[in-house]
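Novice: Let me give you the structure first, and then I'll get to my questions.
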């Protein structure tokens, strides 16, 4: 049995995540009291009417604070029943959450006459801290629209042909912020920039003119070799430590040229020696 626990601050995309999981065959429960987590795991295994191979639940700040504080031991108790438990934590920056509540005109569950929306969001962060700390996978939804979030969840949680650590090699542009879910970040902004070549500006690192230009630059090749050597040596150690997910982020200024080129090459290289290697270009 596989159990996916979805959590995160209000407005970060938990409902969308549950919808995706339900569409992919998961039995979903919204706003499960955290204290019932071990009981759910046991019932799903032994009760033939409830038995499901794939279950997903959301746990949010409407829980009793004491249950959220006890989340680490509740999760461990569920895992002792030999269930594969994955914790997905969704989040976005505070300005984005404020904007989403303003646009939808929904009420935050922790607001009241004495607590503003901004204060409620900060209180929610504290309450959900024990879950965030134990997340196997964190997804920053700040820059994702609905369809991108659905694709990201399917890519990271559901597209795993082999058991073991799932590796994501992701390009991004620093001007839109670093991915908060990145485990390793490599800055390639020091490399020659095709953006300053008028004939290359409108092309991406996936297109042959940019590929040919960057492949001819000695610094680019040296950077690629250095990053490759590091990853080939140390990523197997991450896998050996039972990490469920590892995100390697490659950043340039805009996320269109240098980081895309390096990311594509790294993905192709790592797929030759590691299982579950996926490639994503955040800002294309």
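Indices start at 1 and increase along the chain as displayed.
Positions of Cβ are set from backbone N, Cα and C atoms, glycine also.
Straight out of Swiss-Prot:
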- 8, 9, 10, 11, 12, 13, 14, 15: ATP binding site (BINDING)
- 60, 61, 62, 63: GTP binding site (BINDING)
Novice: Which of these binding-site residues is closest to residue 11 (ATP binding site) if you go by CA atoms: 60, 62, 63?
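Specialist: So, spelling it out, the nearest of the binding-site residues is 60.
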Novice: My understanding is the cutoff is Cβ-Cβ under 8 Å with a sequence separation of 6 or more in the same chain; which residues meet that for residue 63 (GTP binding site)?
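Specialist: Listed in sequence order: 31, 33, 34, 35, 127.
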Novice: Which has the fewest other CB atoms in a 10 Å radius around its CB: 8, 11, 14, 62, the listed binding-site residues?
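Specialist: Comparing Cβ neighbour counts within 10 Å for the binding-site residues 8, 11, 14, 62 gives 62.
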Novice: Would you mind listing, in sequence order, the residues at least six apart from residue 10 (ATP binding site) in the same chain with a Cβ closer than 8 Å to its Cβ?
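Specialist: The list for residue 10 (ATP binding site) reads 60, 61, 97, 101, 108, 109, 110, 121, 124, given in order along the sequence.
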Novice: Pop the Cα-Cα gap between residue 14 (ATP binding site) and residue 62 (GTP binding site) into the table, whole Å please.
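Specialist: Just about 13 Å between their Cα atoms.
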Novice: Using DSSP, would you call residue 8 (ATP binding site) helix, strand or coil?
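Specialist: In the DSSP reduction, residue 8 (ATP binding site) maps to strand.
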